[in-house]
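What TrEMBL annotates here:
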REGION    1-33  region 'Disordered'
COMPBIAS  19-32  compositional bias 'Basic and acidic residues'
DOMAIN    191-474  domain 'SAM-dependent MTase RsmB/NOP-type'
BINDING   Cys295, Ala296, Gly297, Pro298, Gly299, Gly300, Lys301, Glu320, Asp344, Asp360  S-adenosyl-L-methionine binding site
ACT_SITE  Cys413  active site, nucleophile
Amino acid sequence: MNDNRERRPSRPQRGRPAPRKEGPRRPPEVDPARQAAYDVLAAVRTKDAYANLVLPDLLRERRITGRDAALATELTYGTARAQGLLDAIIESCAERPLAKTDPAVLDALRLGVYQLLRTRIPEHAAVTSTVDLVRAEAGSWATGFANAILRKVSEKDESTWLDEVAPDEVADPIGAYALRTAHPRWIARSFAEALGDKGAGLKAALEADDARPEVHLVGRPGEISADELAAITGGDPAPYSPYGVRLPAGAGDPADVEPVRERLAAVQDEGSQLCAIAATKVPLEGSDERWLDLCAGPGGKAALLGALAAMSGATVDAVEKAPHRAKLVEKATSGLPVTVHVADGRESGLEPGYDRILVDAPCSGLGALRRRPEARWRRQPSDVADLTKLQGELLTAAYDLLRPGGALTYVVCSPHLAETEGVFAETARRLKAEILDSRELFPGVPELGDGPYVQLWPHRHGTDAMFCAVLRKP
Ligand SMILES: C[S@@+](CC[C@H](N)C(=O)[O-])C[C@H]1O[C@@H](n2cnc3c(N)ncnc32)[C@H](O)[C@@H]1O
């Protein structure tokens, strides 16, 4: 990315008169907020970057603060999240396939259309700034095209556009809700299959999945109570997790909260807290001292398991394949009875005989799309097939490490049936394991369905869409 865009000389223009003596006229400068948003979208497109990792660094580097930083954040995340919806509107105005549009022009247009339809930025400012951006990033040749598209888009508001470009709700409810909530169709379909509902339930799930999520904190058990944490942060004790706090919208950077700085608390979705707690609550007969977290990085659940293990006299082995993520686990669990191992969970070499094992498996992350603006457009259906193979192998390896009578908790942050019930039930059947009803491990949590599995949802529980299943080795 270019930090000094505004100083870039104008490109030579064919057919233009020779520059006047005092020098060529510079193209108008693009304001820092929109330039930052554009540069992040370009990094997502060209380098597979994560918007929520690139943007904060870029704002710091360019010393963009205050209202400019807020605008850059809104434009970047909002545009990245709404990409499919913006593209459908742009395509209908362009009257040609988007694949034929220069990618830099398309990124700038998405930013412009987002401003027109989803912000209060005046129309002339949205159009002019986008045309300036197109000129700076792609060249003057594309400004007429961009201007024409933006003018066309600005003739209607978002809901009128949606009525025009979205499929009919009765004939194609999945397609209609997918477009209206900016989800790819295959993801909307996987939600519908998991919910067993392609009507109002699906609509509510997709709408909640498109809303900005609350920040949840977990207070370290034994160190700070949820009430204390809520009083310090101005948040509310979480409805279901005894250690959780939900922060009000716009509460600022949670890393700045004192208990988080002092490592008495951490950011963790309440659904993740509930799944880690569930793993510690499965009733066991006999010993309950050796716990294993087989996919531990970056260590959110390992830290909660470690704190609960410290209170009950157990110890935790935490396995993580990626060395840099294993370091994060070490940091998250320092001072707790947790030993970190850098290893492939399928062949960890650990001594069998664990009383409890958590397999928080690598997954598509379709349950946490709210937190990663571009993820829904990057993920592909084919990712799921590769992941289910790995999930099955990790489950099998974990089962080999479990003592007879021990409990294995399987968690994924996804509602996709192939990586939830599909892989779990098939593996449990092959291993002749006893499947337990995990709903009993989520006391007080409503709307858990018919069991035996638990699927949490943003629209029902205000959490990520975490899945939790439990088995016992006979
Ligand atoms: C869903 S994340 C775990 C999140 C973690 N439990 C937490 O709460 O912070 C899955 C993790 O498994 C790791 N992983 C992927 N393949 C693995 C393997 N074969 N063995 C062990 N860990 C693996 C990934 O690097 C990733 O850190």
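Cβ from N, Cα, C; glycine included.
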**Maximal Cα-Cα distance (Å) across residues annotated as binding S-adenosyl-L-methionine, namely Cys295, Ala296, Gly297, Pro298, Gly299, Gly300, Lys301, Glu320, Asp344, Asp360** = 19
**Prompt:** Where among the recorded positions Cys295, Gly297, Lys301, Asp344, Cys413 do you find the Cβ with the fewest other Cβ atoms within 10 Å?
**Reply:** Asp344
**Request:** Sort out the sequence-distant neighbours of Gly299 (S-adenosyl-L-methionine binding site) for me: same chain, 6+ apart, CB within less than 8 Å of its CB, listed by position.
**Result:** Ala318, Leu328, Val329, Glu330, Lys331, Ala332, Thr333
**Request:** Could you round the CA separation between the residue listed as 'active site, nucleophile' and Gly297 (S-adenosyl-L-methionine binding site) to a whole angstrom and send it over?
**Result:** 14
**Request:** Across the whole of the domain 'SAM-dependent MTase RsmB/NOP-type' (191-474), what does the mean pLDDT come to? Round it, please.
**Result:** 97
**Item:** Coarse DSSP state, helix versus strand versus coil, of Gly297 (S-adenosyl-L-methionine binding site)
**Value:** coil
